[in-house]
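Undergrad: First, the structure itself, so that you have it in front of you.
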């Protein structure tokens, strides 16, 4: 005989032997300490002042069928203390609420580390909370229209015949069609009598729906049978909807709603530009619903919520569950009181918080709802891991530390904060309606943390950091700024983000940033670690750290941007030289390298990037789809200032900024940038609104790199492939340096139809030649050539403007004001130049005493000749050197000797060059030439940046150094095309046998054509004999300023 004993290995925490019942009752003055090995179980609701668990003490919450409410000011889990609510294998099934009460101005002493109103896990403490497993969030799988509720719809089709009345009898309780018929009351009075008999036998209370198909009154009106009925003429199809007055709506979800039940609350994300179109609903019982359906309370949604793929883009709204069976909440006062936050918020912002201290023993939290948590003060957030170091196996935690299946909503300071902690798993977390950055990494050293399937939406501005603040907060909060400093909100602040990632080496997988006041995902850089993490890595390490995994994430309904990989924070306190507050936004550039070592290229990559801040890398966008104005039109709302015409049909829709905001698919800025195998769809320009697939950063003072490459581009339903800008709304005066020097390389001709061509701004004559092709609609020219850049750095003075002239076009100077502010101690001008040409440079003040010319994107033996204007009597010292941007070391390589023969400047060598001082014209001539090889995407040579430094002794009292009238026409040259223009692609649709001419009025082959209306007249001629084929006019009222109809007309012309 064999006896087999089956033992369940899962032991629920509240079934553990030896637990002592604990019923503390209700007293807000009762201080509770559970210690010295005492293990207790709470079986009923209680109110106490505070609970401290330490020295081996253990508190377990019983999984009771009766709801339990535990009210306390705080729970402190100290050394060897434990709090258990369920377990991973035995999740808590009852309903538990932990309610943290108290005010910020309470008289009792607050904890020096945890503060007030908290659940705190100290050194050696254990916190295990595990609620029921529920689907955290999913997608809406059927579009929900505003005003739409549960209904059945039926179509009346033309298939019923030519004329007559179509009738449906419908049960009002079920919406079922019981019977239908057609009566040809147009032809036959008998049919009219049959209709009357039909109506008479319909049961009382049924719905009788009638629709006239074309015509039905010929014999009906004389009979007097149905005179009270209102008739409609049936179009190809008409519909009737039977709406149940049930005050409910059924949502179709993308996956089964595991764990969702009646009474649970959920949030439906906005699918428009504004995050404020998110809506909350309560789930109702629905026996008839399938696994992927939920019925929610509410007669109808207020806003449109997409539930489908639109124009190739998954635009489904996220649906997040807010309710859990374990609730941790802060008890709130009815209004704001007693702190600086009341200047900005009318409600109480002193919520509860959960904080974990370094050296904890174990923390795992799942299946919990956190409501009214966080405080508008530093260090008090709904979930806060503070200076914990490694919290995974690397730090000895097995299983690794995690928070999962959480709902964090209506909070007052962030959602999940990871501060000085590494290896944390944050999974299936919904963060909704929060103040300040939601998923937040704080000081810069946080690495290897994983945010997996997290959703954040309705993320509003908060007061804590400059980057949290909106414009009003930025101006009004002066703490930390140097006295007298006036903040620039869009520069210093205004960066509220759903995911704020301060170190690239973190993982974001399957996450959604579904609405913030500024940005969805923002990767930024602390040049040195800040706050409590000071000294944890060497300067610049975060800017060079390779990114962790960033996979299958999505962003929408964010005001500024879906994702930014840029900028840093100020890591020094305010002083008289830099008056901005600590942690204000500053410029930074990301250049990942192996082991975060700037001397080790990443995966054999080439050095390059944005000079001088970035030590490497280029930006690439590949295999991507850009959609300008999709079929998701949004919806008009009261006082909506961004509703207007748009899209291919010019119908009303929501717009991203204003009705004249220039929508652009890819905004080219700085560089080098590589755009490859991308499709641009539905970029439709309007009269007064420039829209294009490619555009450039608005109001740009910085450079544009000639190594910005685009290739294999497809356009689908667009009116303008690229637009370089013109003075007007949003573009302003187009007088900033970056506005004037824009350029990119059309490698395969998929944009311009000229393979290998460059697209340049139409009025930049430093880059043009006689064969360039003007494209007026683009404000561009298609050119060929070898292009590079020079950086001209000036000192003493720095606040001056520069004119640069190409000798081939002396009447077309380019005026630059400098990329840096006029108050800087030096200035930098960054023109793009055609190689192998001559130029002169002039100033609106006396020439600078110090000029450094940097050779950027020059390959070996590339050169230009430059004549710089100086006052008579100036003397010069000129050297060449190489500057290593990584080591910050500079090595002198040669000197320039004066020559009396101008042609000798062309005999430049590495160690010796020549300059020619033409005092009659005031021009100092020299050749700047690269002597070292350069890797593909590098700005400088393999040995460093080659430079020419000119130190001038300028006579005192000299006037502006403008030598234009002396220089030209003396040094003018005949324009020469060094690089022939490429042949146009033979497949281009615009190359046709028939010749199209756009005219307003005039004569064609001796025949006058007049335009009867305002607009555009299109004339088609036979390309063989010049005879007129046809002429067609397009009125402005039809065109809306856009030649889309013209393009369609031309494309449909047949070759003769």
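Glycine is no exception: its Cβ is also placed from the backbone N, Cα and C atoms.
Model, not experiment: these values are computed from the prediction.
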Undergrad: According to TrEMBL, which listed range is region 'Disordered': 630-649, 650-669, 670-689?
TA: 630-649
Undergrad: Need the matching range: TrEMBL marks region 'Disordered' on one of 531-560, 561-590, 591-620, and I'd like to know which.
TA: 591-620
Undergrad: Averaged over the whole of the domain 'G8' (20-142), what is the pLDDT?
TA: 97
Undergrad: Determine how many residues of the region 'Disordered' (630-649) DSSP places in helix, in strand and in coil.
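TA: Looking at the region 'Disordered' (630-649) with DSSP, the answer is 0 helix, 4 strand, 16 coil.
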